[in-house]
Amino acid sequence: MLSSLDTGIGRLDPFKDMKNRPEGGHGTNILLVGTDGRDKITQTEKVRYRLGGAPCRCTDTIMLVHVSADRKRASMISLPRDSYAELPPHTDATTGTQHHSHPVKLNAAYAEGGAALTVRTVEQMTKVKIDHYLEVDFTSFMRTVDAVGGVEICTAKPMHDTHTGLRLTPGTHKLDGGQALQYVRSRHVDGASDLGRMQRQQKFVAALIDQATDSGVLLNPVRFRDVATAMLGSVRADTGFGSDEMLALAKAMRGFTAASSEFTSVPVLAGGFAVKGIGSTVKWDEAKAKKLFDAVREDKPLAPHLPRTTAVRRKLVEVSPQQIRVQVYNGTPTAGLGAKVDTALKSTGFRTTGAPANWPRRNLARTMVFFDPRWDRSARSLATALPGCELRPAPGLGATLKVSAGANYSGVLPVKAENAYQGEFGVVTGDQVVCS
């Protein structure tokens with residue numbers, strides 16, 4: 001079915017004449033690169049989605065995608081585009097000038113040497129052998145999202161970026177291709193800049209996988225052809241990543257769910273690393289990064305094993321329950337209520353002390369949450385899980401919040417943070433970030 005589409009794919013050979021490559025591991029490694037190419041986008045779309053600037057011929061997004069040997073798991077690792085990198089000796093793709101090894105930001109590898117230099121640089125930094133290269137531009141991204149019928153994104157906070165034109169209110173939104181591009185490109189909706197943008201990109205990919213698998217796109221030959229046509233019409237891939245390989249990968253993904261995908265970013269050191277003539281770069285934490293890429297080569301899951309529970313709709317909160325420490329008290333005459341509340345909060349993910357006590361006053365009509373104002377975001381997140389509670393500031397209380405259960409206690413609502421990162425590598429699985 002895809003053979004007729006193969007002619008629409010731009011072909012290149014980024015592996016030609018490559019030497020001193022890392023040894024291959026288990027599974028398949030794909031370098032997924034998003035460029036700022038916009039040649040096929042209409043003038044109306046350029047105005048609407050703020051795409052009027054000249055492309056920089058550089059990589060806007062760089063992800064290492066590992067598909068496990070059993071085809072049951074996909075691990076996606078974001079490589080910050082501002083990562084400090086040492087380019088290997090190469091010939092400049094634009095000028096033909098011979099260059100010695102020199103420092104750059106990682107996204108400059110594409111500008112200086114195209115796909116081949118990008119692959120060489122990533123392999124040099126990760127020690128992971130790249131099996132395939134896939135390059136997506138703005139056009140193919142937008143058309144793919146539209147072909148699957150849009151992608152659902154949820155946010156706990158307003159999102160507004162004047163640079164991209166993104167404007168989302170709290171809640172759930174169905175994004176079309178142009179809106180989705182605004183979402184994944186936005187860097188100015190919070191103080192996290194590139195880190196926040198990478199997290200949103202990961203969240204979006206999880207939602208896209210969820211949409212493609214849940215809507216039956218991969219099982220419906222006609223819809224699958226439409227999506228494939230939209231995506232492959234503006235992509236470039238290595239010569240070995242042909243229609244047969246793509247079809248085999250798509251067939252393998254038919255059994256995927258959001259939980260089959262896991263996302264993380266390369267561990268980095270705190271603060272920027274200034275380089276003369278380049279500016280502020282991001283330095284990888286070499287020890288942690290080595291452990292991460294060792295796991296990729298060995299085809300090991302990156303996310304910690306967690307028991308799977310029945311899917312429950314969870315309210316979005318600002319702070320993950322796993323980061324909130326709580327001491328529970330019983331403020332009523334009802335024996336055992338404190339233990340009941342402690343257990344309920346703990347099962348939802350809150351870090352309770354496990355030692356509930358009695359409140360001095362045992363006649364509280366309403367559940368109270370006492371918090372140090374320095375931990376107000378944690379307090380709001382906890383309050384979301386306790387409907388009908390009252391927030392009471394308590395300066396100097398410290399990081400542990402206090403909950404005194406009142407007569408109106410009616411149970412704990414399941415909650416989750418937008419970025420519930422966890423485990424040694426700070427990994428989140430797709431089912432933790434898609435709208436539920």
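Glycine too: its Cβ is placed from the backbone N, Cα and C atoms.
Since this is a predicted model, take the numbers as computed values, not measurements.
For the domain 'Cell envelope-related transcriptional attenuator' (59-212), the predicted model reports an average pLDDT of 89. Taken from TrEMBL, the feature domain 'Cell envelope-related transcriptional attenuator' applies to 59-212.
According to TrEMBL, the feature region 'Disordered' maps to 82-101. The list of residues near the region 'Disordered' (82-101) in space but at least 6 beyond its ends in sequence, with Cβ under 8 angstroms from a Cβ of it, reads 107-109, 111-114, 117, 120-121, 124-125, 194, 266, 268, 273, 275, 280-284.
Residues or ranges marked as domain 'LytR/CpsA/Psr regulator C-terminal' in TrEMBL: 323-409.
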Composition by DSSP (helix, strand, coil) of residues within the domain 'LytR/CpsA/Psr regulator C-terminal' (323-409): 26 helix, 23 strand, 38 coil
Secondary structure composition of the region 'Disordered' (82-101) [DSSP: H/G/I, E/B, coil]: 0 helix, 9 strand, 11 coil
